Amino acid sequence: MVATDQLIGTVVAVQANFYWVQLDLDKIYLLCTRRSRLKKIGQKVMVGDRALVEEPDWEDKRGVITDVFPRETELDRPPVANANQLVLLFSLAQPPLDPMQLSRFLVKGESTGIELCLTLNKQDLVTAQEQSAWQTRLQNWGYDPFFISVETGDGLDRLKQQLKDKITILAGPSGVGKSSLINSLIPHAQLRVSAVSGKLKRGRHTTRHVELFPLPEAGLLADTPGFNQPDLNCDPLELASFLPEARTRLSQDQCQFSDCLHREEPNCAVRGNWERYEHYLEFLESAIAQTTEKQQTSNAEDSLKVKTKRAGKNHYEPRLEPKKYRRGSRRQQNQELQEWCKDIEDI
Ligand SMILES: Nc1nc2c(ncn2[C@@H]2O[C@H](COP(=O)(O)OP(=O)(O)OP(=O)(O)O)[C@@H](O)[C@H]2O)c(=O)[nH]1
Ligand SMILES: [Zn+2]
């Protein structure tokens, strides 16, 4: 039970052991640490987490996170909790819309289980006929895209409505207008609020760093670095469920074999004359290749274990530890904290 006087907020940025929390209450920001009990029980705090904050110091804008609420969704890359929408941004021209690349992003997006919103930018660079041709084509793929132009502002009101009250992740290849869109959605002053320190800003385009930008009309937006070729490393048997066309076919009919990969198998419900079936086959090859590679690696590890056992002795090898955040000296940490505090004063 959450008492009505408890302070709850959303973690919008994480750096080392500090967390920026935007409180639900008046959207105030507090720079928080994490109660050591949470660390002891291994409870990590992610961007997007809903957190309980105690010991608020309203003057210095500080607080302590004492609890984290269960997550509705959790993404690994980018590391964001509770995202409920993925906006895939592509452009209709400059760079031209590449069906295969778009398809790959869509499949990757579907594999997260988070709701997708396909948005096509630079509407101003194509004719009405070209736009309509894409619309029809993508409807056949199972999507109803938003058409926008950040340049002229067309379609932005509808997109803003779609972003309201949600945690949205923005993704798409380079050059399609992600930064332009963020700049137009979030007035400069607001962007400043979460782009808290020089360090954070520099980290914006590294894969592990992520922060949530508060939208003026409520809602949070996470930018991801532009990447052009998302990796399709899903289970080959699951792949078909990430294409709406295949899903529809499977909902209407069943394949003869429950482990059908929808290639040459007899009485397959998925194989057929639909545009992205060729894409499916190509993605399937890469999913199979990745799975085989993973299996080979784990087999090699297993045989290594057997060998060690056969030697008849307990042989302990140093384990590779995941990279830890390197703690600087206390002085360095204090300096860092001071930088952050200066940023709060600027807000
Ligand atoms: N004509 C037109 N150009 C646009 C539009 N939106 C963005 N651009 C231009 O497209 C180019 C790329 O935009 P960015 O916002 O930098 O693209 P990005 O997706 O952030 O790219 P990365 O930083 O590489 O991931 C810039 O020159 C923008 O001015 C639009 O709606 N119409
Ligand atoms: Zn099949």
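Every residue, even glycine, has its Cβ placed from backbone N, Cα and C.
Summarising the annotation, TrEMBL assigns GTP binding site to ASN121, LYS122, GLN123, ASP124, GLY172, PRO173, SER174, GLY175, VAL176, GLY177, LYS178, SER179, SER180. Annotation comment: TrEMBL describes CYS255, CYS260, HIS262, CYS268 as Zn(2+) binding site. Taken from TrEMBL, the feature compositional bias 'Polar residues' applies to 292-301. Under the heading compositional bias 'Basic and acidic residues', TrEMBL lists 314-323. Annotated domain 'CP-type G' per TrEMBL: 72-230, in sequence order. Per TrEMBL, domain 'EngC GTPase' is recorded for 81-228. Here TrEMBL flags 292-336 as region 'Disordered'.
Each residue contributes its Cα atom, and for GLY172 (GTP binding site) and HIS262 (Zn(2+) binding site) those atoms are 29 Å apart. Only ASN121, SER174, VAL176, LYS178, SER180, of the binding-site residues ASN121, SER174, VAL176, LYS178, SER180, CYS260, place a Cβ under 6 Å from an atom of ligand 1. Same-chain residues at least 6 positions away in sequence with a Cβ under 8 Å from that of CYS255 (Zn(2+) binding site) are, in sequence order, HIS262, GLU265, ASN267, CYS268, ALA269, VAL270.
A sphere of 10 angstroms centred on the C-beta of SER180 (GTP binding site) encloses 14 other C-beta atoms. Applying DSSP to the compositional bias 'Polar residues' (292-301) sorts its residues as follows: 10 helix, 0 strand, 0 coil. In three-state terms derived from DSSP, GLN123 (GTP binding site) belongs to a helical segment. In sequence order, LEU92, GLN131, PHE147, ILE148, SER149, THR152, ASP154, GLY155 make up the list of same-chain residues 6 or more apart from GLN123 (GTP binding site) whose Cβ falls under 8 Å from its Cβ. The domain 'EngC GTPase' (81-228) scores a mean pLDDT of 86 in the predicted structure. Here the binding residues for GTP are ASN121, LYS122, GLN123, ASP124, GLY172, PRO173, SER174, GLY175, VAL176, GLY177, LYS178, SER179, SER180. Their largest Cα to Cα distance works out to 19 Å. For the pair formed by SER180 (GTP binding site) and CYS260 (Zn(2+) binding site), distance between Cα atoms is given as 44 Å, rounded to the nearest Å. Taking the centre of the Cβ atoms of CYS255, CYS260, HIS262, CYS268 as the Zn(2+) site, the nearby residues of that chain (Cβ within 8 Å, site residues left out) are ALA240, GLN256, PHE257, LEU261, ARG263, GLU265, ASN267, ALA269, VAL270, ARG271.
Rounded to a whole value, the Cα-Cα separation of CYS260 (Zn(2+) binding site) and LYS178 (GTP binding site) is 38 Å. In this structure, none of the binding-site residues GLN123, GLY172, SER174, VAL176, LYS178, SER180 sits close to ligand 2 with a C-beta under 6 angstroms from any of its atoms.
Cβ-based neighbour count (10 Å, all protein chains) for CYS260 (Zn(2+) binding site) stands at 19. Of all Cβ atoms in the shown protein chains, 27 besides its own fall within 10 Å of the Cβ of ASN121 (GTP binding site).
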